[in-house]
Amino acid sequence: MAHDNREPREVKNHLLFEVATEVAHRVGGIYSVLKSKAPVTTAEYGDRYTLIGPLNHQSAAVEVEELEPSNPELKATIQAMRDRGIGILYGRWLIEGAPRVLLFDTKTAYGYMNEWKTDLWNVASIPSPDNDEETNEAIVFGYLVAWFLGEFVCHEKRKAVIAHFHEWLAGVALPLTKKRQIDVTTIFTTHATLLGRYLCAGSVDFYNNLQWFDVDAEAGKRGIYHRYCIERAAAHSCDVFTTVSHITAYESEHLLKRKPDGVLPNGLNVTKFSAMHEFQNLHQQNKEKIHDFVRGHFYGHYDFEPENTLYFFTAGRYEFRNKGVDMFIESLARLNHRLKTAGSKTTVVAFIIMPAQTTSLTVEALKGQAVIKSLRDTVDVIERGIGRRIFERSVKWHEGDPLPEEKELITSQDRVLLRRRLFAMKRHTLPPIVTHNMLNDHEDPILNQIRRVQLFNHPSDRVKIVFHPEFLSSANPVLPLDYDDFVRGTHLGVFASYYEPWGYTPAECTVMGVPSITTNLSGFGCYMEELIENSSDYGIYIVDRRSKGVDDSVNQLTQYMFEFTQKSRRQRINQRNRTERLSDLLDWKRMGMEYVKARQLALRRAYPTSFNGEEEEDFIPGVEQKISRPFSVPGSPRDRTGMMTPGDFASLQESHEGLSTEDYVAWKLPEEEDPEEYPFPLTLKQRTGPGSPLDSIQGLQLNGTR
């Protein structure tokens, strides 16, 4: 945080430190954010970008290559801390972009813990109970980061320094940086609020009562008051406060008592998922693997046709209410009733992929796959025998001889072998609803909800259900598919979340060309709703969970799924094409520009004299541009003359100047494979809206001109 009595630092070639507890250590979603964003950030900053996190020896051993710092100021800072007994690993993170990382061994600083806890109380009035190991780790890590930043700016006196913190676990350093007047400018991004996650997990009408919560009392009742204090202090101590979505910004304004300066949506490394023209073939290949599982799981009751079978799924952390699993199961029951009433021949197999406590795979699940494998092996043997006999009979054929008959081709031995396999497929029980033995079967919320709505995989049911309480893996003996391959093989992802600050699962569906259902309480759902008119035409269905009652929302979700079952195969193929072409909307090359704007705003606030003293309000506010529905239904989104932006960071002037595809502001959707098939251009609806402080710096250059 800069001060007027100090010489302004050089902002043009500023340094960037990004601080999080998941650097080179997978715990949750922030790891995915940092890893997927790294190529874009390193391309912009090069060796001026360093990630800071706590050292996890196990993951660092395989993810980090140790190096000597080339920057003399950084080298001097690290040495000064090592001289005081602090363990530090500096090196290259072995991911795309190869960013530099600085990892602190927090265990080497635990001797300072009591001193630092006392100081934290004196500085920020934040209590810290002894028995909360996660908070203890956050405090030690926070003090090490503040120590490092203070030491570093004493060595580096020329260049401006930006420190960007993610989540409360990395946020302890923020009030310390402000109190000590360390000459860095800071950004804090909350990916979800502590209190929001706790409140939503209970039976609370969260969003309609946000302004009425006594936040201190609610945090105290849940035993997280000290954590909430850290999060709130971080939000109020930073120069620029951001969240990952507008819905989380609304939540943060009421729970953390500061209105965010802007929104930094999560992007994806679209190249990782890119399959170009192959994605339809990949869908077919992986769908066939899911067919194999379904044949085994439902053996003895497999009376539905693969071509009339649709695969729906939901996946994520096991948060029964927050992830909307309760609504998904209830909607499946209503969908089952509607399909049976309509006399539909379509069968829906719904998968729930959520890791829970299990002991082993069920005997029934293993037996089903073994029975089908035996049947397939037997049929292969018989098939080869028939082929050989047809060939031998044909070689000896003379004019006037009859064609080979069935009795000559299938031997009595073949018939006995086949009859044995068919008798082995007899089943006197219904196919199981879960693939594993659960640790607490009778207390599991998902299983109890399935039992309540009586979705027991009965032959008359048009909706079947499979709960797979384990992460997917190609090494799984029952469902041998990695998650990405499984998603490609399905037809529809359903994520009816009640609390979802962003939502990577529907975003991943989009870039893989799989339609999805989300809600307007998820960050991703809000983002796409603002960006696209009639988003369902592009394979993104948005359920209203904010203004509708629970029953109405369930009915809306049921209606979306029912409408999807009525689509023809050709309509589903066209919709997948449109969905996949939205990938560029979610690429970090576009989303990353919001991070650029946040950093520029932080520099302007810390070093206003470097920007000719212009006020934030003097800059052009944002313009929101919407992608309209496609003229052709079914069809594909395309663009002949207009520009599209993933956020509200392009001005009207820029969008009419015909900026190229490579320009960071404007972009075009990929061209059609057959441009002549659809003669109409994609039109954009433009509507001006209030800008955020981040919008004000869109045309800003470092010398203060526009």
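Even glycines carry a Cβ here, placed using N, Cα and C.
Under the heading UDP binding site, Swiss-Prot lists Arg26, Arg317, Thr505, citing similarity to another entry as support. Swiss-Prot lists His191, Arg197, Arg317, Glu500, Trp502, Gly503 with the feature UDP-alpha-D-glucose binding site. Taken from Swiss-Prot, the feature alpha-D-glucose 6-phosphate binding site covers His277, Glu278, Gln280, His283, Lys287, His491, Arg572, Arg576, and the record attributes it to similarity to another entry. For 670-706, the entry in Swiss-Prot reads region 'Disordered'.
Annotated features taken from Swiss-Prot, shown on the structure.
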| residue | record | DSSP (3 states) |
| --- | --- | --- |
| His191 | UDP-alpha-D-glucose binding site | coil |
| Arg197 | UDP-alpha-D-glucose binding site | helix |
| Glu278 | alpha-D-glucose 6-phosphate binding site | helix |
| Lys287 | alpha-D-glucose 6-phosphate binding site | helix |
| Arg317 | UDP binding site | coil |
| His491 | alpha-D-glucose 6-phosphate binding site | coil |
| Glu500 | UDP-alpha-D-glucose binding site | strand |
| Arg576 | alpha-D-glucose 6-phosphate binding site | helix |
Measure the Cβ-based neighbour count of His283 (alpha-D-glucose 6-phosphate binding site), defined as the other Cβ atoms within 10 Å of its Cβ.
22
Taking the Cβ of Glu500 (UDP-alpha-D-glucose binding site) as reference, which residues of that chain separated by at least 6 in sequence fall under 8 Å from it?
Asn322, Lys323, Thr518, Thr519, Leu521, Ser522, Gly523, Phe524, Gly525
With a 10 Å radius around each C-beta, find which of these binding-site residues (His191, Arg572) has the fewest other C-beta atoms nearby.
Arg572
When distances run from the Cα of Gln280 (alpha-D-glucose 6-phosphate binding site) to each of the binding-site residues His191, Arg197, Thr505, the nearest one
Thr505
Pairwise CA distance, Arg576 (alpha-D-glucose 6-phosphate binding site) versus Arg197 (UDP-alpha-D-glucose binding site), rounded so that it is a whole Å:
33
Neighbourhood of Gly503 (UDP-alpha-D-glucose binding site), C-beta criterion under 8 angstroms, separation at least six:
Phe495, Ser497, Thr518, Ser522, Gly523, Phe524, Gly525
For the C-alpha pair, I'd like the distance in angstrom between Arg26 (UDP binding site) and His191 (UDP-alpha-D-glucose binding site), rounded off.
16
Pairwise Cα distance for Arg197 (UDP-alpha-D-glucose binding site)/Arg317 (UDP binding site) [Å, integer]:
13
Neighbours of the UDP-alpha-D-glucose site His191, Arg197, Arg317, Glu500, Trp502, Gly503: Cβ within 8 Å of the Cβ centroid, same chain, sequence order.
Gly29, Ala192, Asn322, Ser497, Tyr499, Pro501, Ser522, Gly523
Binding-site residues (Gln280, Thr505), the one with most neighbouring Cβ atoms at 10 Å:
Thr505
